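These notes concern the structure reproduced below.
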Amino acid sequence: MDSTELNRVFQMFDKDGDGKITTKELNESFKNLGIIIPEDELTQIIQKIDVNGDGCVDIEEFGELYKTIMVEDEDEVGEEDMKEAFNVFDRNGDGFITVDELKAVLSSLGLKQGKTLEECRKMIMQVDVDGDGRVNYMEFRQMMKKGRFFSSLS
């Protein structure tokens, strides 16, 4: 992931745009994704990432976290984590991410990208290997391993 993509992902979490991700912002972002994490666990996550000790995560700390995750993913992708991420997008549980489901998740995250069905259709087309107009788990997994999801948000 290049610095532009990293900034884009960081901004998804940095809701107020002050250059720092707080526990509250992290909590809100996860809730928007349908992931509930107790506040004490979120605090622990931030403490592990927070190198400068200010209680927040800045872009450099976020970048280091991302590098760590990507190195671990290259060695051994956590299948459970990958399925959990897929299920966030596959809202009806049918095993496919549709244009409508992608739009709903991106909207819930408050992203500028994917506001129209046409934008979401283009994003799906970028990773839809079998051409059925939806993303199955294997296509999603390949996309995530290659880091293509965040580049498709450009």
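Keep in mind that glycine also has a Cβ here, set from the backbone N, Cα and C atoms.
Bear in mind that the values here come from a model prediction, so they are computed numbers and not experimental data.
Listed by Swiss-Prot as binding Ca(2+) 3 are Asp90, Asn92, Asp94; the candidate from Glu84, Glu101 that the record includes in that site is Glu101. If you draw a 10 Å sphere around the CB of Asp50 (Ca(2+) 2 binding site), it holds 17 other CB atoms from the protein chains shown.
If you compare Cα positions, Asp90 (Ca(2+) 3 binding site) sits closest to Asp130 out of the binding-site residues Asp14, Asp18, Asp50, Glu61, Asp130. Using a 10 Å Cβ-Cβ cutoff, Asn92 (Ca(2+) 3 binding site) registers 10 neighbours.
Same-chain residues that are not part of Asp50, Asn52, Asp54, Cys56, Glu61 yet have a Cβ within 8 Å of the Cβ center of the Ca(2+) 2 site turn out to be Lys20, Ile46, Ile49, Val51, Gly53, Gly55, Val57, Asp58.
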